[in-house]
Protein chains: 2
Amino acid sequence: MSLRYLTARVAQQIDEELMSQAGAFSLDQLMELAGLSCAQALARVYDRNKYPNVLVCCGPGNQGGDGLVAARHLGMFGYTPTIFLPKRLKTQCDNMKIKTIDDTTALRDALPTTNVILDAIFGFSFKGPIRAPFDSVLPLLTDSRLPIVSVDIPSGWDVEEGNVEGVGLRPDVLVSLTAPKLGVRSFSGIHFLGGRFIPKSLEEKFELNLPEYPGFDQVVELKE
Amino acid sequence: MSLRYLTARVAQQIDEELMSQAGAFSLDQLMELAGLSCAQALARVYDRNKYPNVLVCCGPGNQGGDGLVAARHLGMFGYTPTIFLPKRLKTQCDNMKIKTIDDTTALRDALPTTNVILDAIFGFSFKGPIRAPFDSVLPLLTDSRLPIVSVDIPSGWDVEEGNVEGVGLRPDVLVSLTAPKLGVRSFSGIHFLGGRFIPKSLEEKFELNLPEYPGFDQVVELKE
């Protein structure tokens, strides 16, 4: 039985069940584990000695929260994260002495010293068109030719159809959360699965056929 | 500079700062990471093939919450946890198909098939005397001669003075959270530090002199 790729609707249903009375997870719990998965996946591929400077790009929705949590863990792992966030969700960053930037000019200035980008801009509830400032942020990130780690769905891709408009990021690494979405079926880079918190009952109900995570890791690499 | 051992008061202050507006952590976030640390530490020492059945003993306070989170992660790691909890905090357990028991007779019956015990009964805010049912639970666990992994402070120990009354558990493994407490200075078993979420600013303010965590682990072993 092969891994199921999710529609946006099913991904949303799973999230709702996790946070329902039956699942009993809080958003904070899920976000903490999701962000930790992303940080671990990035750390797996990009050694902190060679890629110390991580630019974490956060969007306005829940996925931006995953990005903030990931940045905090990356700081703990010895990286120097800089966070691009258009909204002011930054108390934790300030306290962790993580630099934040909040306009496109500052983002452009940060790219030359960046080693790797964590893309937590749009998640599985993304629907185009891409609004400002992200319509200019995505081309900036692409043109930088830096390595990119995308969370769940590369920003700019349709959740079910993929990069049909051609305006999406082209990440080297993808961290799918809970289960991969239909739109990334053709993704050919390094693909991790993270978000190790799906109860067996939910996995069966949605026929996810998840692979086994190794040991006590929070991520598992998906291979063809 | 050596690692600082905390009084109950300082441990409490650090927790408050983490959850203050400056720290901006929610209790859920801290509990998630603390519980994950405990699960990882147990998995480090007790291989799931040899020690599949883990009895997680939860107390009535916050540490019981750490125990529940740890049990959930242990389930994810392939162990078969059984939870002893005197209160009904069990929705997540039921949903994860984790067996719970809530009286001392059932606990006694569960011991013969248990391979290792996770002790999340009392934490750093413990003050004696030990109330029922724990006054009978602790001797039961001790008499079982099973391996015990204690969270933060072995249950029954004074947080600052240690096992002065002699009624506390005698764990093989200890997982101190954020920083070890004064009472465990003389602990001679396998000692892990977990709770990798202290911002540098707090570490400096409280002169914790924490050791470096390896890679992206959530625990680090403390050695003399």
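Keep in mind that glycine also has a Cβ here, set from the backbone N, Cα and C atoms.
As the structure is a computational prediction, the values presented were derived from the model and not from experiment.
What TrEMBL records for the (6S)-NADPHX site is A:Asn62, A:Gln63, A:Gly64, A:Gly65, A:Asp66, A:Gly123, A:Phe124, A:Ser125, A:Phe126, A:Lys127, A:Gly128, A:Pro129, and among A:Asp102, A:Asp103, A:Asp152 the residue it adds there is A:Asp152.
Per TrEMBL, K(+) is bound by A:Gln63, A:Asp119; the candidate from A:Ser20, A:Ser26, A:Ser37, A:Ser155 named for the same site is A:Ser155. Cα separation, A:Gln63 (K(+) binding site) to A:Phe124 ((6S)-NADPHX binding site), rounded: 9 Å.
With a cut-off of 8 Å between CB atoms and residues at least 6 apart in sequence, the same chain places A:Gln63, A:Gly123, A:Phe124, A:Val175, A:Ser176, A:Leu177, A:Lys181 near A:Asp152 ((6S)-NADPHX binding site), listed in sequence order.
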